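Taken from TrEMBL, the feature ATP binding site covers A:A32, A:G33, A:A34, A:G35, A:T36, A:G37, A:K38, A:T39. Taken from TrEMBL, the feature domain 'UvrD-like helicase ATP-binding' covers A:11-290. The domain 'UvrD-like helicase C-terminal' annotation in TrEMBL covers A:291-552.
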Amino acid sequence: MAEQVDDGALAHLNPAQREAALTEARHNLILAGAGTGKTTTIVARIRHLIRNGTPPDRILAITFTRRAAAEIRSRVQGDAATASSTQGVAAMTFHGWAMREVRGAPDVFGYEGWSVLDQEDQQQVMRGVLGRGKRVEGLKAAQIVDVLSFAHNTRRTLADAIRVKFPDDAIDAKAIGAAVRAYEQRKQERRYLTYDDILRVFAARLADDAVAEWVGSHYDEILIDEMQDTNPLQWQIIDPLVPHTRFYCVGDDAQSIYGFRGADFASIHSFRDRVPGARVLKLEDNYRSTQEILDLSNWLLEQSPLGYDKKLRAVRGRGAKPELHSFETPADEAGFIAAEMLRARRDELPWATHLVLVRTNYSGRAIEARLVEYDIPYVFFGGVKLLESAHVRDVLSALRVVANPDDEVAWMRLLTLVPRVGDVTAARAFDSFLAARSGGASAREARASALAGMPAWLAAGLDAIEEAAKRVDDAVGRAAAMLQPVLAHKYRNENWEARARDLVHVERLAASRRSILEFLEEYILSPVFTSEMEPESQQDHVIVSTVHSAKGLERDWAFVAGASAGSYPSARSLGDLDEVEEERRVLYVALTRARDRLVVTRTVSHTPVRAWMGSAGMDVLEDAYFLNTLPERLVEEVPHVVARPSRPAPPPGLSAPAEVDLSIDLGDLE
DNA sequence: GTTCGCCTCGTCGTA
DNA sequence: CGAGGCGAAC
């Protein structure tokens, strides 16, 4: 048995990794710098546990994304010889885990039949609460939802969260508080849970030690990846479980980039206080990059007033210097990146050689446009998630009203798809639904009264979906069929063909889910990007990714785009040390993705920031710019900026031209 | 009064 | 690309 799992993985580890994989301490924190074989070590650890007799289904790996979970699962399974003995290791996100526990034991946790709201739906509910003005104290629904979420994740009061998020504005927190109370009540009435609520329900029940003991007894060891991005709300889940299971946490303080979501990387510095008896191990040898790439990355961290105590060493040795290319416009920059890829292609390098890292979804679009233009296959990580795209939401709204008839957001969305029905008519229909319900009508009868003035196809379609509710892909198919005519019209000028293809993907994702709510929950909690569903993702392709979505990614060549003044650090973070330092770590994560060739690109004159900051503001940004003190020896600088030829000013007499007669001479028509 | 289309504007990052 | 404002059309 033992030999079955021992594939020699341990033999490939260096002494520090081996020590980390085999540690016998009850709780462990592995501080693993970028490229030091973090995933390799986690995988070796899991295989080691299994080899020593831990049943795979008693091991839980918490990761940051669906992709990271999938990678751990597949690497733990290894080849066919070991796949069966390693079957059953659970790998999922924090939210996925919390939901699995809550849904798995409704007697313990409650909330059966409640729907999970994503961010856009939360904003929709908040808009409904705010009514006509749509603002309170100048804050829009989206801002209030954000500050509330920040309060939950950092376990602050709402008043404190408002002070932290809006330090300069005189905001009457009482008015916000009233809106939030109304929002909470609305969520309760409609049986809605937000992302945060899922963690909060789980955490609240774990405060009962009997519950913590019971949950802890399911697992021999819980592994947590990207520990530096764990926030106080997630710690509230970990803490009560410490006496009841073992924790194996892996992280890197220099890669903490989720402060905006409440993560505080300092909590890994105090890990031993929080988790008594924990052993702390360090991995410092970098296997990913050449020394030149690490020299630049190390330099960036050294400039920080926070001491990171980190210096990555390249086991691979020396290579080419990183390049720093400067352009006039983002379009030139994108053109260069695409042209470099085409050049590499002529040298027969696969598309998968390349990774392009962008700061924002928005800035990724310029790159995307060039890749389309040059016919380069790519997948974009970040950006629109499949279940967040408007047309998919339209279709899912029909499933949602069947699964949870109290789901007002879904009702409104569905009803306003009907021709000649707008907000007012839809709200009236929903009101009559509510009236029927409070009059004691069953959900189905109430539905009939909501649909009274609506076309017959809608009622028939909802009945059909309800009949198919056990076969979720079938239900998706029926919803799509019912709405096909209205959607084809709604999106007639917005790429309807591509959107229709997405609907087929959704149907495929829904196959083998046990219920509509389970299906929606799974993909709301661990979203799939639209572009991951495209055919390109099955073939050789370039990856374009926001830095935040690039955790764990590496490629031979990495292009770090838009590394301009005003972006690193971003203009909006100026003046707040913590935020500026988080921006530094974002750039650090980007730089450390490259194995062989690191290409940093930037624009120097036509930045959009310059336009609204003005030149005085621009000086401040230049001062704060991380790369403005970059020593020459660290990079190869390549200017692409074309100096505009300066012309001599015209002599004074020519400066006020007479207007030119632009009318045509009609000849003999006069 | 209500719907719908068109236009402008602003967009950090994510489960 | 979505949200929101505005005016035309129903």
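A Cβ is built for glycine as well, from the same backbone N, Cα and C atoms used for every other residue.
Owing to the predicted nature of the structure, the values given are computational and were not obtained by experimental measurement.
Feature map: annotations from TrEMBL on the structure.
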residue	record	CB count, 10 Å
A:A32	ATP binding site	26
A:G33	ATP binding site	24
A:A34	ATP binding site	22
A:G35	ATP binding site	24
A:T36	ATP binding site	25
A:G37	ATP binding site	23
A:K38	ATP binding site	23
A:T39	ATP binding site	16
Local confidence of the domain 'UvrD-like helicase C-terminal' (A:291-552) - pLDDT mean: 90
DSSP three-state assignment (helix, strand or coil) for A:A32 (ATP binding site): strand
Assigned element (helix, strand, coil) containing A:K38 (ATP binding site), judged by DSSP: helix
